[in-house]
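Structure first, commentary second.
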Amino acid sequence: MKIPLKWLKEYLPTDMSPAELAERMTMAGTEVTVLNSRKDKWPNVYVGQIMEVNRHPNADRLVLVKVDWGQGQETVVTGAPNCKAGDKVVFARTGAVLIDGHNGKEMVLKPAVLRGVESCGMVCSERELGLSDEHEGILILPADAPVGMLASEYLGEIILDLELTPNRGDLMCVTGVARELGALIDRLPSISTPDFKATGKDIKDKINIEIKNTKLCTRYTASLIEGIKIGESPDWLKERLIACGMRPINNVVDATNYVMLEFGQPLHSFDYDQIKSKHIIVRPAAEGEVLTTLDGVERKLSPDMLLITEPDKIIALAGVMGGENTEVTEKTASVLLESATFDKHSIRRTAKALKLQSEASARFEKGLSFELAPVALKRATQLILEIAGGQAASGLMDVMPVKKDRNSVVLSLSKVNRVLGLEGEKFDSCKIAKRLGFAWMPEYVPGMEEFGYGSVDDKMRFFPGYWRMDIESDIDMIEEVARIAGYDTIPCLPLDKAIPKIETPPLPGIKRFLRQILSGYGFQELISYSFTSREMLSRVFSGAEPECLAISNPMSSEQEVMRTSLRPALYASLAANRRFEKNGLRLYELGRIYLPKENNKQDEPEMLCALIAGSASEAWWQRNTAGFDFFDAKGIVESLVSRLGIAADFAVSDEPGLTPGYQAGILVGDMPVGVLGQLSPQTADKFGITEPVYMFEINLSKLITRATVRRKFTQINRFPSVERDLALVLDRSITNRQVTDIISEFDLVKNVELFDMYQGKQVAEDKKSLAYHLLFQSDTHTLKDADVDSVMNQILKRLNTETGAVLRS
């Protein structure tokens, strides 16, 4: 929002510099930038004075004008009819950038010879300066214009550019900014109540107004001016519109735009003679209706749009844009002015649907008080009578079907201190309310003292000005008190208590960590509903129906119970993806399951469930792609838990829905935390899955009690390593984990890797052979063969003693 400083000072005289003014408003919550409207716009353009005007020797319609521009005199050839010696003009030297008066494009002024006489510059019209479309003659400046001053400085205007927040629609006008600044500097602005002199007949005999939707239009006011003369606006009015970023059109339209910028209330002017029925109806659009708006575009309307109509035609799109059929033109003799209050939501929807954002709709969208409509209407009528003449009909048409009271807010003065952290009466809320233009009175509501509002004298009822539609509660009022008093005046108080140390729950961090790891492994995350069906759970667990929590009002039979496992959604998703021929799938889900407990309570552990199926790698012509197997899933589990600083063990399990012999329980110490295995053929068939699927499900709520994601620094070993192979014969009941745990206890052993297992004729029937790669390395010196041999002998003795293993010959 752009506000000319000179205009603002007409309502609030102040000696503050533009920078100080901008700083005060910015600190109060409205960011302000100071601009010069024409700074650097006209290089080489100066205020000049015509010294002589002589006839052109070779052309009757041209004259020779000698111009003094402060640093010398130049002769200019021009055809302007209004050149007169002594006039102050705008003189452009060679190199100036102006607007071509014929095509409206920018041009660089060059030396020219016109009918045999050299012209060294130009005396400029308003159009050539980009001020308006006027091109009939040159721009004549006031007699006190200083010769030699840059035109950008003389014609320029200090502009305050406001960055408005959505709730401050009251600052979209000069008077609103004057009120805001006045409150900040404790000076009431001079804003008088406008009125006009009526000399015509009663307006009620001239027009009838009917509102058919009182929710979308709460007030409609109108005035009538007859016998006006449409023409150009005065220079001062045009300049202010241009400074605010608006284009002058004619005196009537310019007056309505001027008042909108002045008071914030959009107005619209109709050609009264084009309203044949003299009956205006405010109603919603009907399906299929169309309107050609002022921009010449035919627009299709919908029933949620509000219209201004006659009984037989549409004449305007309420709050957005007028219709072409009642446009004010040069032939207009009588004008009907509209100033109304429309529903902000309706205007926003209409402007958005038609992609027709206008200055009017921007203001209506923020919400306007019903009290503002007649104020702006009187001011616009007054201004048009001044600049366009005519006679105003007596009175105003004012239709307001539902009478409204002004909003009020009850505020406990002690609450101001509590919210702002003050001690004692730091701020005088009533005095600040007066600076804002608000009224107030004592308030007493019996029985409210117990809620902490203080004594009876502590309560006040505040009545915000009609222009402040954003003040709706006591918190809004407290914000105003702090804003106007100054946030920087609120004292900084040390905390009277130490800030308690709050332990961060480990689970969210663990889940983020696991997501990163699984994404790195190529997994995709699934997020499913927490609801499922008994039938789905029965399919997952091979007919065994686990106890589950039933939903009292399920949306469907497929969402009748809370899930007791994450597997159903993963299996269903896998089957759906395989139908679309997706191969090499890796899916996981992190989420809660819901297990019933005694006394109508439930356990809600966080779980991680994942599955792999299909090819383990992408197809490659040089080798066949292998599918996932049980040990791929086991390796992923081991990697995941090891990244959390945990060592996982595996034990024989008998989990329903998994293949016997191809499943294992996951243990941390002696605590079961999950299950791992291959989907049983029966379960896979129930989901339409035809390939091997391997899954694991881990109870994270249990796992995190042993987890740590702290990273430890490990120095890179500078000494060489030694590799040895070890082949053992041992009972089939001995597991690989038992062997590797014993070997890993020796300090010099850095890695143990099983590379072969044999069961057959070369060993006894109840025996098996396991072969290992062992990596030896010292942190302090280079190992010798004797060092490694000694450790190998110790390993064999331990294995023989604890497992009965012997060296395979």
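These residue numbers are counts, starting from 1, taken along the chain as shown.
A Cβ is built for glycine as well, from the same backbone N, Cα and C atoms used for every other residue.
Just so it is clear, the model here is predicted, and its values are computed rather than measured.
Residues or ranges marked as domain 'tRNA-binding' in Swiss-Prot: 39-152. Per Swiss-Prot, domain 'B5' is recorded for 404-492, and the stated evidence type is sequence analysis. According to Swiss-Prot, the Mg(2+) binding site annotation covers D470, D476, E479, E480. Sequence annotations record features per position, and here Swiss-Prot assigns domain 'FDX-ACB' to 717-808 based on sequence analysis.
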Cβ within 8 Å of the mean position of the Cβ atoms of D470, D476, E479, E480: remaining residues of the chain near Mg(2+): N167, R468, I471, I475, M477, I478, R483
Secondary structure composition of the domain 'FDX-ACB' (717-808) [DSSP: H/G/I, E/B, coil]: 28 helix, 32 strand, 32 coil
Predicted model, mean pLDDT over the domain 'B5' (404-492): 80
Binding-site residues listed as D470, E480, least Cβ neighbours within 10 Å: D470
Secondary structure tally of the domain 'tRNA-binding' (39-152) (DSSP, helix then strand then coil): 6 helix, 50 strand, 58 coil
Other CB atoms within 10 A, centred on E479 (Mg(2+) binding site): 16
C-beta crowding around D476 (Mg(2+) binding site), within 10 angstroms: 16
